[in-house]
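Listed in TrEMBL for this protein:
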COMPBIAS  175-187  compositional bias 'Basic and acidic residues'
REGION    168-187  region 'Disordered'
SIGNAL    1-17  signal peptide
TRANSMEM  67-87  transmembrane segment
TRANSMEM  99-117  transmembrane segment
TRANSMEM  123-149  transmembrane segment
TRANSMEM  233-253  transmembrane segment
TRANSMEM  259-283  transmembrane segment
TRANSMEM  344-367  transmembrane segment
TRANSMEM  379-397  transmembrane segment
TRANSMEM  409-433  transmembrane segment
Amino acid sequence: EVFVIVSLTLFLPICLEQFARDNGYLLPDKTTPCTAVPAPPSIPGDSEEAGRCVVKLGWMWVDSASFSLYVNSISVALQALTVISMGNIADHPPHRKRLLLAFAFFGSLAATLFLLLPSSSPIWPASALLGICANVGFGASVVAMNAYLPTLARASEEVVSRRAELHATVSSTRHPREQTAVEARNGDESDFQNEPLLADEGGHVDEEEVENLRKEYNTALSRATSRISSQGIAFGYAAGILMLFVALVPVTLLHGTTFSLRLAIGLSGIWWALFSLPAAAWLPSSSLASKIDSENDAEAAWVEEEEENDGKREWSTRREIIGAWKRLGGMLHWREIKRLRYTFQYLAAWFLLSDGFTTITSTAILFGKTTLHMPPSSLILIGIISPCAGIVGSLLWPKLQRRFVWSNLTVIVVLVCLASLLPVYGCLGFLTFFKNGSVKFGGLTTPGEMYGLAVYFGTVYGAFQGYARAFYSELIPTGEEARWYALFSITDK
């Protein structure tokens, strides 16, 4: 989140545009450096072309403002190719952590190298390569990180307790030999030493009790998933805001020079690398992650099957990458869509919802600047207020969920309904009595409303991000988290 808040959405696009401007020339003659004049000149009869800054890349001229857009588009395309290719590998517990850390340090290194690349360098186009590498590293590491979410939720104390209670109840009805085999497979016999040798009442199963325990387990797992996801969003927002304040100091003191923008991006890269070290130290090891996943459910046959396959063949990265693309074709097969219809329905909804939220976030600042004529200081303040409200929302909504005993799906529906009120409120500004100034407040026609709506939207959006990710984890097949989160990430793009 630090790289996203500080660099990806704020300083990186500006820095790339500044790199191009520092090396570009003004139209129409392409001889006057863009930095030679404080503002583009206005030439009658050629208002559209005159004054535009263009930079030569290879054999073609590119608008300096479009340079960062091209870089972003290329990075998103490569990010999609990368996350699909790594799906099979990240689903393999021994390699998931390695991928997460490798891409995290790859992306953070690319961001940090901005410190060493001045815009006056003859290799300044390498800034585009660094931006692409940083974005690809970020996207790939996030997919690997999200794949840990179900594992971490299953390892939480409440879920472990519910699972043990459910397993003990079911195991007490099994034949002693079957029970012993299950215990041996789970690798934990101590929990069942005090269990009776024979099941009570001749092995009679209390279906109602088992069903109630299973519901309690699913509820505990759902809450643990949403809690971990929401807390992750909250901590990420908090770190991003803190780093944003730190980065704003040199940017403000140096009046937004290219060096100050490079410094902001480099600092975000250093932060990213440093705080990847706790993940390297504390995330579950491959053996522990496999143990947690295998204990999740007695029906988790994929674990045994993959273990057998791994024992029969030597690991090959090339084969896994090819297999990931084949698996993608299988995931999008009509038979698979019918089998996992709720998962694909959610992906379709996520495609629309994420686009809606992204549209609001990407146009809000532009609307405030061009329509409400808000100064830059006010726009920066709104950019800080919204993620601060996101922290509050990420922590508040799990408490409301426990208070009203809501499922993750119910919370998402409520959040979407609340978010839908924002464009409805904005549409009020088209009404006559708002447009002609009869009413001085309402319909998003005054700058003051932007502050209140920034708090409102941030509270909703911060919680929505956490719950959307958490609910999706309930719909994907166990043991295939990375490849399905890769599809989730692509749909978001």
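The backbone N, Cα and C atoms fix where each Cβ goes, glycine too.
Those TrEMBL annotations? Automatic predictions, nothing curated.
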Proximity of the transmembrane segment (123-149) to the transmembrane segment (67-87), 3+ C-beta pairs under 8 angstroms: yes
Contact set, same chain, for the transmembrane segment (67-87): CB under 8 Å, 6 or more residues outside the stretch: 12-14, 16-17, 19-20, 55, 57, 99, 128, 131-132, 135-136, 139-140, 143-144, 321, 324-325, 327-328, 482-483, 486-487, 489-490, 493
Beyond the flanks of the transmembrane segment (259-283) by 6 or more, those residues with Cβ under 8 Å of it: 2-3, 6-7, 11-12, 14-15, 18, 97, 100-101, 104-105, 107-115, 117-118, 134, 145, 148, 239, 243, 246-248, 250-251, 253
Proximity verdict for the transmembrane segment (233-253) and the transmembrane segment (99-117), three or more C-beta pairs under 8 Å: no
Contact set, same chain, for the transmembrane segment (99-117): CB under 8 Å, 6 or more residues outside the stretch: 3, 7, 15, 86, 89-90, 123-124, 126-127, 130-131, 133-138, 140-141, 144-145, 148, 262-263, 265-266, 268-270, 272-273, 276, 279-280, 283
